[in-house]
Amino acid sequence: MDDMTHQTAAPQADAAGAAGAPGRKLDWKSELQTLLTIFVMVTVQCVAINGLYKPNGLISGGLTGVGMLLEYLSGFPSWLSILLLNIPLLALAVWKLHFRFTLYTIIASLYFSAAMAFTADIRIPFDFTNPLSQLTGALLGAVICGAAGAPIVRRGASTGGLDIVAILLAKRFSFSMGTISYLFNVLITGALAFVNGLDTAALAILVLFISSAVFNGVLQGLNRTKTLFIISDRWEEIAPHVLKDVHRGVTLIPAKGAYTGQDRTVVYIIARTTELAAIRRIVMAVDPRAMFSIIDTREVVGRGFTPNN
């Protein structure tokens, strides 16, 4: 479901593709986990699309949305449209993108079309003639699709389609992948207004927004991390307390004040949000005059955080 990835997936997936470069030992356990993640999460997405989106006349984003539009217009199976639309883009990915990312994207894209076919008749027991049930079903579908899309990207894959176009255009031109996906989804949502009505198109916009927000939230994780820079004359007391009481690593960085020219030591810490209060208490107890900054950190890979695989 390529619309999920338009904010953060493509750059991560592109970088993850580099992990398959020569020189790195193949981790079969990790690769099998990636395949299992793709098969399970793609199946979940397709169940949500066929069981919750289609009865509402909604569309997903990206090429999946184009396939669904064609089905609403002509009755031509969306799974087959998605497959045919993806073939030239997958060929382009083989030529232009990293091997590992491309391989898993091909697998995910082909399986996505297959899963759309074998879940086509699935119906979830909602009364879609009831406006409240329509809204509930649409929102539930958005949450499911967004949450299921994030693990696929986390494993360095994509379901193809618009992701491939966004990556290539972003590399060549000064457009962000988010902008490219946003413009494309505006076009297909506008087309939906002519096919299924303005109310349905408005609901589709809400669904796309929610699924994207859920996707990004799950991808970045609930355990957000922060980077702390602490400047204190009593750094020698602060560092051991953080190590012992919070069980968090500390790095000491030599620095010099630009105005005073005085040599200083900056305490550098990466911590989870839940650990901030404890660190703050330690710093304030040791040195109430200490200065420190707390910076949002999007992702940390390594011991104690995201596994490096």
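Including glycine, each Cβ sits where the backbone N, Cα and C put it.
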Range among 1-21, 64-84, 127-147, 148-168 that TrEMBL annotates as region 'Disordered':
1-21
Stated TrEMBL location of transmembrane segment, expressed as one of 173-195, 265-287:
173-195
Segment confidence, the domain 'DUF2179' (248-302), expressed as mean pLDDT:
89
What is the three-state DSSP composition of the domain 'DUF2179' (248-302), stated as helix, strand and coil residue counts?
14 helix, 24 strand, 17 coil
